[in-house]
Amino acid sequence: MRHSLECIQANQIFPRKQLIREDENLQVPFLELHGESTEYVGRAEDAIIALSNYRLHIKFKESLVNVPLQLIESVECRDIFQLHLTCKDCKVIRCQFPTFEQCQDWLKRLNNAIRPPGKIEDLFSFAYHAWCMEVYASEKEQHGDLCRPGEHVTSRFKNEVERMGFDMNNAWRISNINEKYKLCGSYPQELIVPAWITDKELESVAGFRSWKRIPAVIYRHQSNGAVIARCGQPEVSWWGWRNADDEHLVQSVAKACASDSQSSVGKVSTRNSCRGFPNAGDLSDVEFDASLSNASGTESLALQPQKLLILDARSYAAAVANRAKGGGCECPEYYPNCEVVFMGMANIHSIRRSFQSLRLLCTQMPDPGNWLSALESTKWLHHLSVLLKSALLVVHAVDRDQRPVLVHCSDGWDRTPQIVALAKLLLDPYYRTVEGFQVLVEMEWLDFGHKFADRCGHGENSDDLNERCPVFLQWLDCVHQLQRQFPCSFEFNEAFLVKLVQHTYSCLFGTFLCNNAKERGEKQTQERTCSVWSLLRAGNKAFKNLLYSSQSEAVLYPVCHVRNLMLWSAVYLPCPSPSTPTDDSCAPYPAPGTSPDEPPLSRLPKTRSFDNLTTTCDNMVPLASRRSSDPSLNEKWQEHGRSLELSSFAGSGEEVPAIDSLRRPSRLLGGAELSVAAGVAEGQMENILQEATKEESGVEEPTHREHTEVPEVKEEAPLAKESRTAAQGSGVLYQEPQLDDATLRSHLGPSLSSFSQGIPEHREVGHSVLSSSLPASLRGEDSQEVPVEQPQVENIAEDRENVVPAVPVDVKIGLGTSESSPLLPSQVPFETRGPHMNNSVHMLLEDKVKSESGPQLHHRPCLASSGRFSGKDMLPIAPEPRSAERPQWDSVLHRTSSPGNTLSLMMQAPCALPLDKCRQRIVCNGALETENKASEQPAGFDTLQKYPTPNGHCANGETGRSKDSLSHQLSATSYSSAHSCSRNLHHKWLNSHSGRPSTTNSPEQPSRSHLDDDGMPVYTDTIQQRLRQIESGHQQEVETLKKQVQELKSRLESQYLTSSLRFNGDFGDEVTSIPDSESNLDQNCLSRCSTEIFSEASWEQVDKQDTEMTRWLPDHLAAHCYACDSAFWLASRKHHCRNCGNVFCSSCCNQKVPVPSQQLFEPSRVCKSCYSSLHPTSSSIDLELDKPIAATSN
């Protein structure tokens, strides 16, 4: 009851503070998280600075700084007007102010904000969780489990004991002596010890070990039974104390290992027994009986176990010096059959000084002359090398020598977890998975009491700077070194580790609060805060390493020399990331067969929006290099799955919609969607798609007949070249540059059938084009069931030289002045567009076909139908809708040439509706889905819709896929994004559910696109982005082949039905009824919506929906949104559509409309698709248009 009260009264427990603006015109330059409230907004010198209860945000002209308050270690004023902020992750931030008084004001504010909390509830993680729960409390479902880690974390101890195969009958047992932490407050409640060691002996051992941290087993090698144990140092002191129970326990660990390995059936052969236990001889199972549960039974064993390795992380001098403080080390004389090794690792004070030296070095000038020598003098890489060598020594002992190992340092909570966690990571592939790594951190760092609060400085009144040390960061750096040496052995990527570094200090999540599990239990952090694993979950593709192979090395043996280690630049080195979106750029990959140093001819180089494209091209300025602040290449792929629609084309007097300053994906000619992120040249995407196609598809290499003309194009004069570029652009602008040939060919099928029926003299040609565009394996060349006739491709190709000059050359497209203007498709190099980019040829050829095919339509084709060009009408007459109002991929005109140089003319059945009746989505069964009107969107969505989600859908919930059966589906398959965790999803959810108005538009808003769900900068990895592109290309090829197979099957069925109708004399009636249906203005007319006019399944499906009530999909079966495919988690809730019964996220199911078919006559929640079909058609007047770009002539 108390917890529910906390959720309801979150705004009273954690109230928002009053916003203080230094300038009334200033706005908060970021989207706030749940429970976050901005307290101050002001102006620095050439920057906007904002301070909330979670972060400090400084937006400069060319970059921005976004850092959680708890990540800031100190703030000081330098040079009177400059604030100097030192961060705990090695970053240093400098901010200049115009006046001394203003600098002092912000110095006081920041010092008050970063001060260690007086009570733990002052940390932001508690307010964040409470406000999250308050938002969720308004819903009927329970969402508390989404803040929690997975079952693999909560049940980690039991699962690990079973997974590692401990013999709990004879060798080991689980002791509950530390239940409720009554023995040791920094140890877990359950401990694995030898089976014959009693709890009384453990209590005696606890009195002899530092902080009562007794030897406890934490890992077992599944093959040979050798274990790793950890503990604190023995309290020998100057008096040389000893403890018989402690000596017995240490020796019993080695004996239990031998017992465990021998008692496993077939675990150790005679040969392996002799190798593992050289003094044991041939041992039989008779020597092991069930009486091992008491000490007397073990004494009777005639077993000689392996020699136990005691690894002391300290140097021998430090261990002896600790005897003056009551500590010490094991004396070999008192511990027979044990070997003591000292590793000489530095203590926390030396590590802290080394890290401070590294931080000072990394904040110097970008290219110091003595960089390498200065880096060596910090000894940071040297400390990493020693740590790796220590872990590798444990791996050698356990894996190769089959010896048990006992690890300790002084207290056992700093260097000890570093060594044992790194050793387990090297030994066991499970810990190199996302789930296994979470378990590893929970068990070795959290359960065994690493003092995160003291080491990170966010504990209650933790003002002692001598207790602070980046111990966990140092260990993560070692994991990063392993990732570099073994790139295929880790399921998670570098972004995963970077996020973990940030949230070790950020206090957004409660995972790393307090010093041990006992304190976390007392503060109820698990119930009152969110877990960091809810963000770094296994299903989040943003943190997945695409190079990972589960069949990689079982045990890793890294090279530990300093010369083989590298500085972790993503964490330590300052970088301009994330900068403002206008700085985004990415150097294109060189085209196959070209030198990367020489730009290809006739190729417009990548430039900034303020550059002169023509001048830059003529001067051959080198291509801009990619900066870390530039947008992800994956964003191109994220937009690949979005809906695509073609507008009707008429006169050239209309203006072209522009790209606004907030970088929304704009719509250019013909409804083609172009990403406004000026980061990737279209030619680069073509190269990527072509490479993926060549690698994955079995299609033969295309003939290069049409490319023989390319040298002539390259030889043209500059004026002719410019004219050619403009001419090509006029016919290409409506085409999405990301689409490759395979994707466009996937839309062959019913559309061509419908078109060919209207043109009898070209019916055979169109049918053969389809067949020739399919792979040989799908055409079934050995089969004679579908006889086709190859078209005369040569004649069509020969006409190209005569057709291209006919395109008007005076048509130019103005780029406007927006900083975020992308490269237009007309600037794509001629030779890199691929066969399907030369649409001016296809356009004119279609006109030629039209002129030969009989009478023309009297009505203008609608947006969803085939948009045709005339010889004089090159620009669209109608402006395009906003990105938030894009229709699906249904009923799209595709023009392409197949890889075999076969020209494919693909046309949808034309729509006879007037233009104002055609702004609708067409689904396969004939239902028309209208566009959402801007006036019907909830408050706050005007801003949110400007940020596309990784799945290619806008934040307001516009879906980009249709989930109908494949045989009746025209829309292209939407592929899952590499970033399933949508950016700023927390913030969108807050604005859409809590009713809090979003911040107004301001020049500061573009910086939001660089902030992730957690309010932190987005980390991008170009290698992983390239791998995601290849993976998407592969998936695209697979889906294309599946679609082609299905469409071929549907075509065969249609052909069979056609022949049957001809035989019965009914075919003529079907054909003659087509013009009537095209002229029919009824929205339920099916013949213009479905390309399978003879399909009976679609009619059966409609009848079934009319007669049956919709059954809801159970909650537990839905892990992803049915529309945008985003995973359900902390910031994405489940909602049922009352019409179709599927489960959607809140953005995709936020409309309400009566559903009479389900007996719901009051407005009920429905998805976007159902809302469009149930709501009256929106007029084109309601569609808000983007800022137009004037079409000017140069």
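Keep in mind that glycine also has a Cβ here, set from the backbone N, Cα and C atoms.
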Of the residue ranges 512-531, 772-791, 852-871, the one that Swiss-Prot records as region 'Disordered':
852-871
Need the matching range: Swiss-Prot marks region 'Disordered' on one of 259-285, 583-609, and I'd like to know which.
583-609
Any idea which of 744-765, 876-897, 1052-1073, 1162-1183 is down as region 'Disordered' in Swiss-Prot?
876-897
Least buried by Cβ count (within 10 Å) of the recorded positions C409, S1060:
S1060
With H, G and I counted as helix, E and B as strand and the rest as coil, say where DSSP puts S1060 (phosphoserine).
helix
Counting each residue once, how many in the zinc finger (1115-1175) are helix, strand and coil under DSSP?
13 helix, 20 strand, 28 coil
Between C409 (active site, phosphocysteine intermediate) and S1060 (phosphoserine), the C-alpha gap once rounded to whole angstrom:
85
What does DSSP assign C409 (active site, phosphocysteine intermediate), in three states?
coil
